[in-house]
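Participant: Straight from TrEMBL, here's the annotation block:
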- 1-41: region 'Disordered' (REGION)
- 1-25: compositional bias 'Basic and acidic residues' (COMPBIAS)
- 66-252: domain 'Reticulon' (DOMAIN)
- 77-92: transmembrane segment (TRANSMEM)
- 98-117: transmembrane segment (TRANSMEM)
- 170-201: transmembrane segment (TRANSMEM)
Amino acid sequence: MAEHEEKKQEESLMEKIAEKIHGHDSSSSSSDSDDDKPSESSIKDKVFRLFGREKPVHHVFGGGKPADILLWRNKKISAGALGVATVIWVLFELLEYHLLTLVCHLLILALALLFLWSNATQFINKSTPHIPEVQIPKEPVLEFAMALRFEINWAFAVLRDIALGRDLKMFLSVIAGLWVLSIVGSWCNFLTLFYIVFVLLHTVPVLYEKYEDKVDPFAEKAMHEIKKQYAVFDAKVLSKIPRGPLKQKKKD
């Protein structure tokens, strides 16, 4: 009887060991299979985004109040900015107002109303209107000037590199862009062009952010086709154009 009980204990012990080994193998195999599967973040990183961006559209535009206005985070401010731009365009383009005339008329109207209001308060026993002092702050103006200076210097550096023949692709892009701008400039004046750009900035980014998952696949196909056509153009035309002295020195 004692030997029979010892055999049962040994068999139960062996079964427990076998179960533990089997459970460890299954857990390790499941972990290995999980490791073999690509993570969602890695899949998202491989998704093509327009202009090669890696951040959301809101961060591309700076992530501050300008981005909130362009992407309609605050609909009242965005609609107000678009409405003001539309009123300015209607006044100067359709009604053919002149800037100096409009400014003078607005100042005449404002000063006349404030003058009459200030004098009328003496007869109706009310306090005079409070007109705050308006001053241009120093820091925002300096920050804007520094940012503008940086962008202008960057543009000058790019133009210098193009003029020295360092980047043929950039040269062709700039020439094509200037040519398109010259054609658009012959169709409309600067104010209309500025208004069109302003409207596009307030419509295209928010529409792209809303439908980016549908737009990016089409953009990927378009970019692939453009690169393919550029490679053909480079092989047949650009490669046969003699390079500048800087390019020759680099090759030597």
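Just so it is clear, glycine is given a Cβ too, placed from its N, Cα and C backbone atoms.
TrEMBL labels come from automatic prediction, so no person has curated them.
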Participant: For the domain 'Reticulon' (66-252), report the average pLDDT of the model, please.
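Facilitator: The answer is 84, the mean pLDDT of the model over that range.
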Participant: May I ask for the residues of the chain that lie six or more residues beyond the transmembrane segment (98-117) and have a Cβ under 8 Å from a Cβ within it?
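Facilitator: Sequence-distant neighbours of the transmembrane segment (98-117): 91-92, 129, 131.
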